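**Student:** Following this message is one structure expressed as structure tokens.
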Amino acid sequence: MTTTPTAMPVSPSHDVIIAAAQRAARAIPPLWPLASSVAVNPFLGQGSEPLEMAGARLRRASGIAITMPRSWYAERLQSGQIAEQDLQAALQNAPAALRPPNLPALKQAVQAARPAPQALPTVAELARDADAVDWPGIVNERIGHWAAGYFDQGQALWAVGQSGGAYSTWRIIATHDLTPEIAGLAGFARYVAEAPANAEDAIVDCVARLGLSQDALDGYFHRLLTTLGGWGQLARYRLWQAELSGATDACVTDLLAVRLLWEAALLGNGGCTLVPGWQRAVAAYAEPVAATSDDVIDSILQEAAERAAQRKLSAVLAAPSPAQVASGRVKLQMAFCIDVRSEVFRRALESLDSGIQTLGFAGFFGLGIGHRRFASDVVEARLPVLLTPGVTTCAGDATSSAAASDLSARIAARAKRAWGRFKLAAISSFAFVEATGPIYVAKLLRDGLALARPHAPDEPAPRPADGLDLETRLTMATRILKAMSFTGGFARLVVLAGHGAKVVNNPHASALHCGACGGYSGEVNARLLASLLNDSQVRAGLAARGIVIPADTLFLAALHDTTTDAVTLYTADHPSPGHAEDLAQARQWLGAAGALARGERAVRLPRAHRSQDIAHRARDWAEIRPEWALAGCQAFIAAPRSRTAGRDLAGRAFLHDYDWRYDDGFGVLELILTAPVVVASWISLQYYGSTVAPESLGAGNKLLHNVTGGIGVVEGNGGILRTGLPWQSVHDGQRLTHEPLRLSVLIEAPPEAIATILERHPQVRALFDNRWLHLFALDDEGRMAHRYAGDLRWEQNASGARSCDHSVPMLA
């Protein structure tokens, strides 16, 4: 094979090239494996720039638009969902240089189709056009074939070794793979064998062969990493995890080297035919990214849609609250995750009795734990992915009987794994079906007819693995209760409800669990906190610190199944005969609230004509939409529950209890802005990205998914790893069920206090300054009084004035 480097005046230095490679690695988001998948902001690398600039950058890098088609906005204008005042306000807020001169010009632009987004070409794409061979497809297929084995987490019986790193492992495979040469890339195996043994040296060598200028590096490297889809993002996940522990990981750089070797080989194979087109492409990569007038128009229309939704939300919050305030002691208090799915259940539960109070807090309940399940050595990080575990916990007591049960469970698990490998092994799999098929008839019927009833996790109660001294336990309890704004007025029964989802035949099941628990269900954290707050020594210490929990108050953990709205109480953790009547009443209320919530959800779910259909759907192998998860999420509200109680927020708002009057120094407010708000933004923007650009930022069609390596899904039998949400998670087959809107964050706190915190956290501030999130300060009556205008400035919110229209029933 010969290589034909393009003309280049000055070759960038090694350090300059590697620095550009590292920047490109941070321009793509990480992808968590299926076992603990969490929502990730697909625009994580573009948070420092506004929507129009990110749109211009991703158009070049991925060939996608990151707003809806103009027709989507035109329909909303015509129907009145977007009012002229929304359009005018968004226009005035846009960059003056490129925005339409006036409202009529903007309305005219809405009717015109925007130019189709076009990515800058790679060498593989130029070679495809020249040779009529699908080189991009071949590159993706061969890299995907290797990567599925390299990143495998136990699915493959014969795993690819990982010694030496991704680049070295790929070279071993590629030097024996004749597929590229059969397709027409002569001498590719020899070319790879002769390439530098070190990934960084290979990158530098390829840059020289490709004739890349320094200015072209960032854009071109970013472009190549986007062509890798989820494989590049999985490598970015490894870097993310390494950096959390103060280390680093070269996997992204290794994959970039692999992709560059393909590019250099294809350019050399194409000879002079590809050089003119490639030189034009290099020049285009070297041009600075600049937003066009179309990018600005699209960003204006997107903001207008968001202002329309904010106007309706403002009317809901300004209307008189229908909630009744009970006199005397509260009968039941129940703390839920802030997840939007909890809003429906909380509203249903509170409607049953004025003596019921619910609270909202991040579902990990302030306990950053690494947890080992019963009979397992795998440590599960049950906390937001932005954090690292501070405490290790395990299931079961440290007793001889527990140890015997642990050993028995481990032996059974190993036998099950051995049987599973026997079923799939190269030789035994052929005889397996004929020999043992009849044994599985009953199971096939039970599963195929959705007769099996899944149960909530019921492991032994969790405990700290190494024990915690009293001062540590007391500090944790104090911090958590203050963060929950829950320091008084305790009921006799306080339920701490984590949440999870019981579904079948769903590779993305963990994405339905609690994002604040790292993609796991939340019962472990809830059970740990209940034990902590029932500790008599902790209660005595809390009383000395001014938090008095009555002696008759019992804390219990629960698990809210968001698919069926069933609630499991972990009463065995803390038996209390004196609370038998309280528990009986609570069970009755929870059953009734579940029925109300299922009835509300059934209206939105396809083929769920009755609330009774919900449970059957959760057990149905063929059900591709067991629940809508967080589709429709629109707002994050941190305020006292009295501001939202009784108001129909339609399961579209994250609800976090917060009272700034009891937050000395605004430490709790700082925690909310830097943790739950950021996690909610990741969720919101993943839904946004999977809706506006499903072909690139979404996971594709569930019906075509195949799990690969136990880490992710591909469509069909190979290729790139898909990321984001499946199309069925945002679309019901006829229309979108998720309205792509950037999250509106509403906080009841003094605007100057919020601004002070933003000033201390530049990365969080950038999300608001560049309007990836909208920010409002609520006044003392819960109205959206102040809008954040960027650069630590606030303005009066026109729609936050006292509303005269009290007829708005819900967010729509």
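In case you wondered, yes, glycine gets a Cβ from its N, Cα and C as well.
Okay, these came from Swiss-Prot:
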- Cys337, Asp339, His499, Cys514: Zn(2+) binding site (BINDING)
**Student:** Cβ within 8 angstroms of the Cβ centroid of Cys337, Asp339, His499, Cys514: which residues besides those meet this for the Zn(2+) site?
**Tutor:** Phe336, Ile338, Arg341, Ser342, Gly363, Gly498, Gly500, His513, Gly515, Ala516, Cys517, Gly522, His560, Thr562
**Student:** Just counting, how many other CB atoms are there within 10 A of the CB of Asp339 (Zn(2+) binding site)?
**Tutor:** 27
**Student:** Residues with Cβ closer than 8 Å to the Cβ of Cys514 (Zn(2+) binding site), same chain and 6+ apart in sequence?
**Tutor:** Cys337, Asp339, Gly363, Phe364, Gly498, His499, Gly500, Tyr520, Ser521, Gly522
**Student:** Including all protein chains displayed, how many Cβ atoms other than that of Cys337 (Zn(2+) binding site) lie within 10 Å of its Cβ?
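**Tutor:** Taking every protein chain into account, the count is 29.
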**Student:** Looking only at DSSP and grouping its letters into three states, which state does Asp339 (Zn(2+) binding site) belong to?
**Tutor:** coil
**Student:** Enter the number of other CB atoms within 10 angstroms of the CB of His499 (Zn(2+) binding site).
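**Tutor:** Within a 10 Å radius of the Cβ of His499 (Zn(2+) binding site) lie 27 other Cβ atoms.
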